[in-house]
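Novice: According to Swiss-Prot, the protein carries these features:
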type	residues	note
BINDING	Trp33, Arg34, Gln51, Thr52, Leu89, Gly90, Tyr91, Tyr129, Thr313	DNA binding site
ACT_SITE	Glu46	active site, proton donor/acceptor
DOMAIN	108-137	domain 'HhH'
SITE	Asp147	site 'Transition state stabilizer'
BINDING	Cys201, Cys208, Cys211, Cys217	[4Fe-4S] cluster binding site
Amino acid sequence: MNVLEDKLKQKDIQQFRDDLISWFEREQRVLPWREDQDPYKVWVSEVMLQQTRVETVIPYFLRFVEQFPTVEALADADEEKVLKAWEGLGYYSRVRNLQSAVKEVKQEYGGIVPPDEKDFGGLKGVGPYTKGAVLSIAYNKPIPAVDGNVMRVMSRILSIWDDIAKPKTRTIFEDAIRAFISKEKPSEFNQGLMELGALICTPKSPSCLLCPVQQHCSAFEEGTERELPVKSKKKKPGIKTMAAIVLTDEDGQVYIHKRPSKGLLANLWEFPNLETQKGIKTEREQLIAFLENEYGIQADISDLQGVVEHVFTHLVWNISVFFGKVKQVSDTSKLKKVTKEELEQFAFPVSHQKIWKMAGEAAAISAAP
C-alpha cells in the first residue's frame, strides 16, 4: 500500500463528498458561465480563468460571448477582432489556442464541443485541467480537474507535503481526486472544490471555522493548514529596459507597429520601441538612432515623459516613454499610420495601453487653458 492509499483509507470519502456538494449547492456564487453550463461557454470561462481572477473575468466573459456566442462565431471571426475582445486579459496564447481549437471543433465535430475525453483533450491548448473542468462541469464526466486551488485544498485535507510547483506532483492529486470524485455529481464535486479553494481554503488565511469539510481535514487536525501546500519559490523575473515613442505626424495621425506572429504578445499592436542598453548614449539618443535606422524616420522627440512598468510571469518591462512629431519619413512599410479614432480598433498589450493613456493625459494638459 502506498502513502496516498494509506491516507485515503483514513477518510470517510462518501461523507466528504456529501458535505462538500451540499455546501456548494447551498453557497455557490452566481456566475454567468454557471447559468446554463453550455459546454462552449464553460470552455471560454475556464480559459479566461487561467491566471486571472473571477472578478476581472466576468465583464470580459460577458462581452466575449455576446460578440462570439457560439463555436461557429468564434471559429469564423477575424483574429484582430478576437484579440481586441481579449485585450487587457493578457496571456494571449490562450485565446489564439482557443480559436484554433474551436475551428477544429467546427470542422471535425460539427460545432459540438466533443464530450469524449480523448477527442476534447486532443484539441489545441486543452491541458489536463481544462479537459477535466469542461467535461465534468458541462457533461458531468467524473474526471479530475486539478489546478492550484484544488492542490491547495487537497494537500490540506490529506496532509500531502510534496512540492506542488513540481509537475510530477500533479499526478498525486489527480489520483486522489479520482478516488474522491462523486460519480453521481462530478460537476458539483469539482466546482465545489474550486469554490472551496477560492472562498474558504485560501492561500494565506484559510477560514477553517467556516469550512464545510473541516472534520475531514488532516491539516486542521494537525494545526498545519498555514504550512500547506508546499510550494518552492520561482526565480525572480528578468528585467528588460526599453524605450517607446508615441509618434504623430502633422495631421495628428499615429504610427503603430505590429509584433511578430510568433513569440510574446504575438500579432498585437504597439508603439515603436526598442530594448535600450546602458552606456554612452542616452535612451533618447538610442531612440533617435533606432527610428532613423529601422524606419528612416527623423522626428522632434520630447524629453522623457514617464516610465511604464509591466510585469509578466518571467519578465519585467521597464519602458521609458517619449513623444515625437515626425519631420521626415522614407519607409513606412514596417509601420501603420492610423487616426486616433482608428487606433481604438486595434489590440494593444496592457503596457502600450498605459503608454497611450499617458499620451492622452499629456495632450489634455497641454490643451488646457
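Placed from the backbone N, Cα and C atoms, the Cβ positions cover glycine too.
Quick one: where do these features end up spatially?
Specialist: Taking the Cβ of Thr313 (DNA binding site) as centre and 10 Å as the limit, one finds 9 other Cβ atoms among all the protein chains shown.
Around Glu46 (active site, proton donor/acceptor), the C-beta neighbours below 8 angstroms that are at least 6 residues distant in the chain are Tyr129, Thr130, Ala133, Val134.
For the domain 'HhH' (108-137), the residues of the chain that approach it from at least six positions outside its boundaries are 37, 39-40, 42-43, 46-47, 50, 70-72, 75, 93-94, 97-98, 100-101, 143-147, 170, 174, 181, 186-187, 189-191, 194, judged by C-beta separation under 8 angstroms.
Annotation for Asp147 (site 'Transition state stabilizer'): same-chain Cβ neighbours under 8 Å, separated by at least 6 residues, are Tyr129, Ala133, Met194.
Within 10 Å of the C-beta of Cys208 ([4Fe-4S] cluster binding site) there are 16 other C-beta atoms, taking all protein chains into account.
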Novice: To the nearest whole angstrom, what is the C-alpha distance linking Thr313 (DNA binding site) and Cys201 ([4Fe-4S] cluster binding site)?
Specialist: 24
Novice: Going by DSSP, is Glu46 (active site, proton donor/acceptor) sitting in a helix, a strand, or coil?
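Specialist: Going by the DSSP assignment, Glu46 (active site, proton donor/acceptor) falls within a helical segment, counted as helix.
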Novice: Quick one: give me the count of other CB atoms within 10 A of the CB of Tyr91 (DNA binding site).
Specialist: 15
Novice: What are the other residues, in sequence order, whose C-beta lies within 8 angstroms of the center of the C-beta atoms of Cys201, Cys208, Cys211, Cys217 at the [4Fe-4S] cluster site?
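Specialist: Other same-chain residues with Cβ inside the cutoff are Arg156, Leu196, Ile200, Pro206, Ser207, Val213, Gln214, Ala219, Phe220, Glu225.
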Novice: Could you find out if DSSP has Cys208 ([4Fe-4S] cluster binding site) as helix, strand or coil?
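Specialist: SS state of Cys208 ([4Fe-4S] cluster binding site) = helix.
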